[in-house]
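Listed in TrEMBL:
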type	residues	note
BINDING	Cys13, Cys27, Cys30, Cys36	[4Fe-4S] cluster 1 binding site
BINDING	Gly67, Lys68, Gly69, Gly70, Val71, Gly72, Lys73, Ser74	ATP binding site
BINDING	Cys240, Cys243	[4Fe-4S] cluster 2 binding site
Amino acid sequence: MAEVVVGSQPEDCPGTSSAQAGRAAACQGCPNQKLCAAGAAATDPAEAAELRERLRGVKHIVVVLSGKGGVGKSTFSALLAHGLAADESKQVALLDIDICGPSIPKMMGLEGEQVHQSGSGWSPVFVEENLGVMSVGFLLSSPDDAVIWRGPKKNGLIKQFLRDVDWGEVDYLIVDTPPGTSDEHLSIVQYLSASHIDGAVIVTTPQEVSLQDVRKEINFCHKVKLPIIGVVENMSGFICPNCKKESQIFPPTTGGAEKMCQNLNVSLLGKVPLDPQIGRSCDKGQSFLSEVPESPATSSYRNIIQSKSYNHHEGESLLSLFHAGNSRRALLQ
């Protein structure tokens, strides 16, 4: 596999998802020119039209990213889906493209479920009437089966999820991704560019070892022209249920996500404290938000979805950022 050479991209870099990636005049002399030219061809026009038609009923799409594994990205994706689906008038879908580590079926209480084929395509597996899920986990004979696939096969399955699943009319499609910036991320951005993406939510923990990879994730978003909705700081302190005193389990030695977001001019959507019940709820496949409604972590999740963010987009909620993205697309059409 070709090695990516780290460095500043050309001033007029077309982006890795562009048809001109590695081919534009600005790419001349860039150390990654051959890599971009080999791996970022534009979606075929007929294929793009097919994807656009399949996703035409999806109003809003948000991709959940993390620079490092184990920061709670899939947990956030699952609870974001539950939180949005709490409004019974909204239809929510959760797509798990963490091909090698699909944890969404377990977290959503769907382990052992299978995908059913209908005349209109694959049917999502439903948690509630207004919350459907699709994951490679539903295609495995056992949750312990290892998925040992190279990039092209992963990309093919992601395309199949978008093209063959009968998503129907959906208000919010949440896409849970693996950690890092790899084939799956390039593929989902490329394929969804045929339709639209409201943007990415990036999940981190407070310590510098996690923030270091988040900065790379933010750089990735800029390079592929993926809008950043904001950052969520997970495991942000622990509030003792007895004395109510807060302890920093993962000390923000460099100022945490708040300082990083200020420096990079990115919105900090909120901070979610540790709560042992989150892990227990996920293991049982139940919604932590409805199981422990009085938890400070539940309040943080609800604030992220409904209330004001910490900075940058002052006075805007995650929902209002979705709607603002929709308005911007309408203006561009």
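Note: Cβ is positioned from N, Cα and C throughout, glycine not excepted.
What TrEMBL says about a protein is an automatic prediction, not a curated fact.
Each residue contributes its Cα atom, and for Lys68 (ATP binding site) and Cys13 ([4Fe-4S] cluster 1 binding site) these two points are 26 Å apart. The candidate set comprises the binding-site residues Cys30, Val71, Cys243. Of these, Val71 has the most other Cβ atoms within 10 Å. Taking the Cα atom of each, Val71 (ATP binding site) and Cys27 ([4Fe-4S] cluster 1 binding site) are about 35 angstrom apart. Distance noted between the C-alpha atoms of Cys30 ([4Fe-4S] cluster 1 binding site) and Gly70 (ATP binding site) is 33 Å. When other Cβ atoms within 10 Å of the Cβ of Cys240 ([4Fe-4S] cluster 2 binding site) are tallied across all protein chains shown, the result is 9. The Cβ of Ser74 (ATP binding site) lies under 8 Å from the Cβ of Asp96, Asp98, Ser103, Ile104, Met107, Asp176, each on the same chain and at least six residues away in sequence.
Same-chain residues with CB within 8 A of the center of the Gly67, Lys68, Gly69, Gly70, Val71, Gly72, Lys73, Ser74 CB atoms, the ATP site residues themselves not counted, are Ser66, Pro179, Val203, Thr204, Thr205, Ser210, Asn234.
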